[in-house]
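Down below is the structure, laid out as structure tokens.
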């Protein structure tokens, strides 16, 4: 049986675990994980004009403007091999991004990681570290690297993101809640929205998503 082309989205506030779920999913399926955050960090790493602009916005807990985000995401989708489709991580976040996406693509299903305890989420983020080379994500509470301060994938140093602090997390959560409601409502009305508790075991979260893969 030939695999079909799946077009998925995963939504959720910062720290809900979108990246972790998607990376584990991509290891066991042919779905390509497309994270807007990774695209931003790659642009920042390249020190391009867009990258410097993005760095300034993210450091203050804001979101990158829609035009830049749309450009980076769509260019990735149209210029990279996607054998069984993709899962978009953290995109779209605004109505303008949603309008752009609807012109370009038809989405099959949307998974929303729901946060029921903000304090628990803040604790999770306070203990998050990333690889400064390949952007792999770890958590010092429940997903530690095999070697302290060293990435399992490339052995590079692990660092804490500048925006992983309580004040910025709260600011990003407030902004997320303000902007996500129209996105949530749109996909809910289309009967394409599946909500998943972000504090469930990862195996259960993955099982829920995998049942929709064609």
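Glycine too: its Cβ is placed from the backbone N, Cα and C atoms.
In Swiss-Prot, the region 'LID' annotation falls on 127-164 of the listed ranges 89-126, 127-164. AMP binding, as stated in Swiss-Prot, involves 36, 41, 62, 63, 64, 90, 91, 92, 93, 97, 161; the candidate among 172, 214 given for that site is 172. Annotated ATP binding in Swiss-Prot involves 15, 16, 17, 18, 19, 20, 128, 137, 138 plus, out of the candidates 193, 200, the residue 200. The average pLDDT for the region 'NMP' (35-64) in the predicted structure is 86. In the three-state DSSP classification, residue 17 (ATP binding site) falls within coil. Counting only the Cα atoms, the space from residue 128 (ATP binding site) to residue 161 (AMP binding site) is about 8 angstrom. The highest number of surrounding Cβ atoms within 10 Å, among the binding-site residues 131, 154, is found at 131.
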